[in-house]
Amino acid sequence: MVVIILNSSNTTYWIPAYSLNDTVYHSYLFYIFAFVQISIYIFTGYLTVRTCFIFFRIKVFHENMNILMAWFLCQWFEAILAKCVVTPYQIGLISIVMDPEKVYYDWWAEDKEDLVPIRENAKILPLLVSSYFIWHYLYSILFSVLAIGLERVAATYYIQDYENVRRRHIPVLLIIATNCISIPYAFETLNNQVSLILTCIQSFMNGAIIFFGYLVLWRVNIVWRDRISSLKWSHNEKYSLARKFQIEENIKSLRLARKLVISAVIFISVVIVLLICLGFELTHGYDTFFVYALDNAIFL
């Protein structure tokens, strides 16, 4: 939702929320939804911590990949804490709009008359700070799969000794690089300098790079595995158990990546369908339910 502060500069901000000033807490259904939502968040938090524990306890993959997976998974807590700050503004518990009786539903707008007017003296700083962290989380997740894919590229490049030599700088540099992209990107998005179309194009481009990159990695590792099985190595290639193990780990991680891609496609499809239903006003009085579903689709 794009809001505009009515002052001399008419500053606009893109808030990552579909509803604003929706006084749903007056309805008993809100408390049912809130209980279910909090229960799901608690379970998701437990599942996230448990998954990270399993990564490091039984070493499912290489230590560098485990570090990346744990880092990006734990960023969910960044988003959920920010969501807790945004929620009072969404449900109207904290009103900052010019008309406190009006409910606003929208995701992004370009025309000035479609922007949500905010009082100049409204306490909007907590909303802006939390919105920034939500955008940072969303962009971090967008580029996280690419970062994990680059770690697999490094594993393939150093396949001869990747398992035995600790190259801790690889996940550190990938995490730094991801934040170098997501931090300014989130800032520009919050300040409404990035359009919805550009965001969608970036998402599709990122997905295409990841898809074709994984296809290439899959083919390379499958060819190497077949050559190991048939012992068809050239005279300048060196066979080792470490190399064989790393190839198998790459293939195992790429199988996991295939499941991640399927999950991502389902996630994006659900979000797009919900946005279409809300954007074209197909909800017919069930706006609160669809907003609730959209929030959970984004954060879970």
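Each residue, glycine too, has its Cβ placed from N, Cα and C.
Computed from a predicted structure; not experimentally measured.
Database features (TrEMBL):
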type: TRANSMEM; residues: 28-56; note: transmembrane segment
type: TRANSMEM; residues: 68-91; note: transmembrane segment
type: TRANSMEM; residues: 132-150; note: transmembrane segment
type: TRANSMEM; residues: 170-187; note: transmembrane segment
type: TRANSMEM; residues: 193-217; note: transmembrane segment
type: TRANSMEM; residues: 260-282; note: transmembrane segment
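Long-range contacts of the transmembrane segment (28-56) within the same chain, counting only residues at least 6 positions beyond its ends with a Cβ under 8 Å from a Cβ of the stretch, are 66, 69-70, 73-74, 76-77, 80, 91, 288, 292, 296, 299-300. Tertiary proximity for the transmembrane segment (193-217) is limited to same-chain residues at least six positions away from its ends with a CB under 8 Å from its CB atoms, namely 14, 107-108, 110, 142-143, 145-146, 149, 152-153, 156, 185, 250, 254, 257-258, 261, 264, 268.
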